[in-house]
């Protein structure tokens, strides 16, 4: 995945990228070291503000003037310019209304979502990921996407952001920016150590999803405005494989898209939710209660803690087919696909409703990110915890064994380091410390870990 990072040159923020962006390199070779990303000549007087990851082989960032800039896409790798923008090596504004100012954005396998400084949400890409809304571009510009899910990718947005074969980071930051994470289904690669039963289950799930997105459903939808209830202002968004989460200023989580593994947290395997629905993460009776009661939670029939009482959700993240949220009490809740333990419940079952990761209930979590099949969170004390799939070392625990409950990432290189921002690609992870240092680990076939970064 490509890493975009920003460093300060005088007062100027500089975005750096490394990893795989096919439209950037003449031979489409990975960028093994940081390469500066320059603003286009038309953006004279503007500057970089934040990075937002990207989708299938493209990157996104936001300028100081609130323009959403994209680059890195090509026209022959199963991509849709309706999703990525036709910009190749040169960042250019994505065609959203000229009078809007973008504050945050994120990308999934083949859909994107962005919010304005007024809390209005725009989304585009795969039709099943885009709810019915007011279209703001010409339908004639809609293209088609490659039907093979292996050409799809998820990306996250953060101080460091990732997509299919690249990562993006802004450093140093004046403050940690809350971003969501995603994962990517990059070029096929397997490990002999994978359990054969899990491979069969994964293959079966993939075939089912492929069949559900065949034909006309793979057509892309142009940007549209997502309609919420009156008075709802969205402050954060996260894009997963084929689902989207949004967080309101009151801490309510909304979701839409594909929910076949429970990633929409509605208590069922509903395949498609075509409009934003509230996800019950917080007990309604908990509002206004003190912190002690906020940490208790309610147990289900299996003894798992479901919704944790508290006042609000403060952070959201989408993985390939699972979702994770953090509450104001510091509790971590996960739901969705559980094949590799990425929901942190001590097993590999799917989780259909927001359920507390009880193994770390006593640790106050601050932020979270999710990859294709792993999850990484950071505590208020700056510690890093990870769980889920680990075929490429993406958990950072010194082995390649999956973990179904959170494990402390206690690598010697992180001793006396305090993480303040976290991000996940499909199969790699990254943090930024409070001193502005970047640490990456996991899959590095395309240079996405950025080992040569100084």
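Positions of Cβ are set from backbone N, Cα and C atoms, glycine also.
As given in TrEMBL:
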- 155-190: compositional bias 'Polar residues' (COMPBIAS)
- 204-217: compositional bias 'Polar residues' (COMPBIAS)
- 219-450: domain 'RCC1-like' (DOMAIN)
- 155-222: region 'Disordered' (REGION)
- 66-118: repeat 'RCC1' (REPEAT)
- 251-329: repeat 'RCC1' (REPEAT)
- 330-381: repeat 'RCC1' (REPEAT)
- 382-435: repeat 'RCC1' (REPEAT)
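Mean pLDDT of the predicted structure over the repeat 'RCC1' (251-329): 80. Assigned with DSSP, the residues of the repeat 'RCC1' (66-118) fall into helix, strand and coil as follows: 4 helix, 18 strand, 31 coil. Residue counts for the repeat 'RCC1' (382-435) under DSSP, split into helix (H, G, I), strand (E, B) and coil, are 3 helix, 23 strand, 28 coil.
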